[in-house]
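The coiled coil annotation in Swiss-Prot covers 138-166, 462-487 and rests on sequence analysis. If you look up Swiss-Prot, you'll see Cys334-Cys343, Cys358-Cys366, Cys390-Cys395, Cys397-Cys420 marked as disulfide bond. For 113-138, the entry in Swiss-Prot reads region 'Fusion peptide', with the evidence type similarity to another entry. Per Swiss-Prot, region 'Interaction with hemagglutinin' is recorded for 367-444, and the stated evidence type is similarity to another entry. What Swiss-Prot lists as signal peptide is 1-23, and the listing cites sequence analysis. Sequence annotations record features per position, and here Swiss-Prot assigns topological domain 'Extracellular' to 24-487 based on similarity to another entry. If you look up Swiss-Prot, you'll see 488-518 marked as transmembrane segment, on the strength of sequence analysis.
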Amino acid sequence: MGLKVNVSAIFMAVLLTLQTPTGQIHWGNLSKIGVVGIGSASYKVMTRSSHQSLVIKLMPNITLLNNCTRVEIAEYRRLLRTVLEPIRDALNAMTQNIRPVQSVASSRRHKRFAGVVLAGAALGVATAAQITAGIALHQSMLNSQAIDNLRASLETTNQAIEAIRQAGQEMILAVQGVQDYINNELIPSMNQLSCDLIGQKLGLKLLRYYTEILSLFGPSLRDPISAEISIQALSYALGGDINKVLEKLGYSGGDLLGILESRGIKARITHVDTESYLIVLSIAYPTLSEIKGVIVHRLEGVSYNIGSQEWYTTVPKYVATQGYLISNFDESSCTFMPEGTVCSQNALYPMSPLLQECLRGSTKSCARTLVSGSFGNRFILSQGNLIANCASILCKCYTTGTIINQDPDKILTYIAADHCPVVEVNGVTIQVGSRRYPDAVYLHRIDLGPPILLERLDVGTNLGNAIAKLEDAKELLESSDQILRSMKGLSSTCIVYILIAVCLGGLIGIPALICCCRGRCNKKGEQVGMSRPGLKPDLTGTSKSYVRSL
């Protein structure tokens with residue numbers, strides 16, 4: 001009984017030590033042909049955005065300073081008009097070409113709002129982003145009453161940052177850039193400073209504020225229809241505290257970084273008031289949705305040698321797994337961080353069955369291609385072990401000073417601390433850890449996949465050969481076309497006469513040929529009979545004279 005328990009324990013220990021595939025990708029078999037995974041992360045997609053209105057009041061309330069700051073305020077208003085009027089004209093050009101579409105209900109004969117139509121003929125040239133932004137502008141046109149109420153509220157407030165909540169609507173954040181300076185610096189010192197000095201200080205502060213607005217909100221001011229907002233502008237608009245965005249939307253620090261790097265936060269100017277000097281922006285914060293069960297893996301490859309030829313395995317740079325399914329992953333719209341992968345759109349698309357078999361451990365399904373020049377990695381560090389193609393680069397044990405030679409029967413060398421604690425490869429010194437990969441991968445034990453050509457030089461050469469062959473085929477086709485055209489030039493009656501003459505010649509010539517053949521055969525038979533007479537008689541014992549007479 002004890003023996004059975006020991007055998008079972010040993011069997012379970014062996015099973016636990018075997019290298020098994022994780023996440024449907026057989027990293028053990030892939031490492032034999034130089035493919036390793038260098039990272040995995042969760043998968044998040046940006047979905048429907050939540051919007052917040054941001055109002056920037058460029059003109060502060062200076063009721064108590066009117067007598068001392070008239071010249072500075074007049075100059076500041078002139079500067080603001082040079083910025084705001086072009087933006088207003090651009091917004092008007094878009095909003096004037098948008099009209100609502102109303103439908104008539106079947107049960108009740110009244111009109112209701114159904115959507116908007118963009119007058120493309122009158123608008124001229126517009127990008128897709130500008131058209132989308134134009135539709136969003138129409139929503140701000142419907143909120144004109146709310147904007148009027150907002151203007152009235154801001155005329156009387158002296159707060160630098162104020163949250164105004166409209167009835168039944170979202171919160172609107174109002175920002176007045178220099179109001180704190182006026183409230184805390186200029187007004188308390190009115191009795192100590194002269195009127196000219198107060199005006200000069202306010203003028204310098206307004207000019208600095210004007211410069212900050214141009215630099216921070218530059219993209220929105222240059223392209224008011226479709227623009228993006230920077231992290232600096234967002235922080236400035238929220239009073240210098242970016243944590244307000246995190247608290248409001250429930251973002252983590254990594255999520256916000258991913259959204260900013262992928263340009264997920266959009267800010268569009270929806271309204272400009274040149275009388276009250278207001279800019280209304282609509283800021284869209286996307287919502288992140290984590291796709292449960294989807295893991296994004298990054299793959300890297302190392303070249304390997306078969307004799308004097310250097311190869312590498314062709315696999316995608318990124319793949320995704322979900323259960324048993326393995327999918328391709330388009331990283332063009334994604335941002336990669338240690339906390340996860342954030343994509344602005346769905347990046348998954350189907351993978352061919354042959355490539356799935358390759359990633360599941362069937363090395364004979366993995367295509368390979370020749371290395372061109374210095375292309376490709378020749379060593380990589382994975383799980384503390386160094387996987388190197390020591391047949392193409394110099395591998396040296398830094399601890400002992402000896403050269404690490406690669407057996408010709410091996411395609412790669414796996415170096416761990418039991419072999420050499422410190423390795424120098426291609427001029428780089430690396431300290432390796434305990435062994436995680438077996439250094440017993442021989443060529444005759446691996447089923448390699450089919451070779452393919454992917455190098456730019458080969459593709460160009462093959463393309464040139466194909467073009468040359470097409471040119472030759474074109475010349476042959478042109479010559480055949482000339483023959484066909486010459487044949488078409490003959491009349492149909494001539495062709496009929498030629499066919500009749502050929503048939504008559506055949507009818508006359510065939511019997512004559514048969515007669516000639518028979519005559520020649522008869523002559524040959526007579527010549528054979530004369531040259532070969534019958535058997536000679538036995539002349540033994542006959543006299544010579546008789547023989548002569550014969």
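Glycine is no exception: its Cβ is also placed from the backbone N, Cα and C atoms.
A map of Swiss-Prot features onto the structure.
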residue	record	contacts (Cβ under 8 Å, 6+ apart)
Cys334	disulfide bond	Ser262, Thr341, Val342, Cys343, Ser344, Ala347
Cys358	disulfide bond	Val315, Ser365, Cys366, Ala367, Gly449
Cys390	disulfide bond	Ile404, Asn405, Gln406, Thr413, Val425
Cys395	disulfide bond	Phe379, Ala388, Ile403, Ile404, Gln406, Thr413, Ile415, Val423, Glu424, Val425
Cys397	disulfide bond	Ile403, Ile404, His419, Cys420, Val422, Val423, Glu424
DSSP-derived class (H/G/I helix, E/B strand, else coil) of Cys358 (disulfide bond): helix
Secondary structure content, the region 'Interaction with hemagglutinin' (367-444) (per DSSP, counts of residues): 2 helix, 29 strand, 47 coil
Collapsed DSSP category at Cys334 (disulfide bond): strand
Confidence summary (mean pLDDT) of the coiled coil (138-166): 57
Fewest other Cβ within 10 angstroms of its own Cβ, chosen from the disulfide-bonded residues Cys343, Cys366, Cys420: Cys420
Where Cys366 (disulfide bond) sits in the secondary structure, as DSSP reduces it to three classes: coil
DSSP-derived structure type at Cys343 (disulfide bond), helix or strand or else coil: strand
